[in-house]
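Taken straight from TrEMBL:
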- Gly105, Trp106, Thr107, Gly108, Thr109, Gly110, Lys111, Thr112: ATP binding site (BINDING)
- 276-330: domain 'Torsin-1A C-terminal' (DOMAIN)
- 1-19: signal peptide (SIGNAL)
Amino acid sequence: MKLLSVGVFFVLVPALLPALDPLSASLFMGGAAITWQLFSSHSWLKCRLLECCNAKDTLNFSVVKTDLERKVFGQHLAVQLILRALSTNIHSKRPKKPLVMSFHGWTGTGKTFVSSIIAENLYQPSTSRRRFVHHFDTVLHFSHASHVHLYKEQLQDWIRGNVSACPRSLFIFSEMDQMPHGLIDSITPFLGYHEEMDGVYYGKAIFIFLNNAGGDKITEIALDYWRSLKGREDIPVKELQHLLSKEIFSNTNSGFFQSQLIQKNLIDYFIPFLPLEYEHVKQCVREELRAQGHPEDEDLITEIALAMTDYPSEERLYSSKGCKTVASRVTLST
């Protein structure tokens, strides 16, 4: 209706101009052009002056690849899978379904950090991301199990409304371990293979779930490989993804317990985040020293990394907290 009104307006313009002086006519036409740009759904001017979601794919894939490879330590499996998933989805003109990824691993292994890298590079630099990146913290947003029915309705309305406004919306669900059972199944209809549903196309949307569930299984497998004198690079990712799927489906402490999302194979990638070893923690400490503007003190780096590698108690191979407390340790030590 708005476009029709604008169209009628431009039809009448030639009839109105003769009655105006040259300056007024110029101003009139300039204003008309701006009006047309602001009404246009994919206008460059609208995107510059107002917040908008451009229909064109704007993910800066090369920057994402560089950031993941340079800033994420010890997660070669996760980085490879995520880059493959993003590339496939972004380079498809009309994906058949939304991209759905579930990140699994111990705390501090990089799950939240990686999701933030994706969010930072999904839209044009001049675009405010707050309207298109939707972060749900289970503890904050879904804290009352008795309100699950209400949460389901609110979650469906939120996803439907925001994807209608921006097809390339990003939804991040953290603390999935705390998610009330059955709640996440409410979004099942949006994740399937549909051309459109009630006039809304969901194929360009991206859903990321952050889980600690499955972290013990990942660590168990990594430790077995280490004890067998095999490198973590040798862990077969397909086998690990299959084990993760089974683990969280049967885990009562998982938000995906008996979930339809797994039963219906709607999660495209189960991304394993491996436990961080001593050398990876050192990299985190070194990076944090740079970020805080301190010189790279190798003695301090070694001291902090050694203190944080605490699992298993005999071998002390991994950091049970990943790099989560590195920033505070650096602050206290400098």
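Using N, Cα and C of the backbone, Cβ positions are placed for all residues, glycine too.
Any TrEMBL annotation is an automated prediction that lacks curation.
Keep in mind that what you see is a predicted model, and the values were worked out from it rather than measured.
In sequence order, Ser174, Leu210 are the residues of the chain that are 6 or more apart from Thr112 (ATP binding site) and have a CB within less than 8 Å of its CB. Secondary structure of the domain 'Torsin-1A C-terminal' (276-330) per DSSP, as helix, strand and coil residue counts: 30 helix, 3 strand, 22 coil. Counting every protein chain shown, the Cβ of Gly105 (ATP binding site) has 28 other Cβ atoms within 10 Å. Here the binding-site residues are Thr107, Thr109; the one with the fewest Cβ atoms within 10 Å of its Cβ is Thr107. Within the same chain, the residues at least 6 positions away from Gly110 (ATP binding site) whose Cβ sits under 8 Å from its Cβ are Val72, Phe73, Gly74, Gln75, Ala78, Phe273, Gly322, Cys323, listed in sequence order. All protein chains shown were included, and the count of other CB atoms within 10 Å of the CB of Gly108 (ATP binding site) stands at 22. Lys111 (ATP binding site) is surrounded by 27 other CB atoms, counting those within 10 A of its CB over all protein chains shown. Other than the site residues Gly105, Trp106, Thr107, Gly108, Thr109, Gly110, Lys111, Thr112, same-chain residues with C-beta atoms no more than 8 angstroms from the centre of those residues' C-beta atoms, the ATP site, are Phe103, Phe113, Asn212, Gly215, Phe273, Gly322, Lys324.
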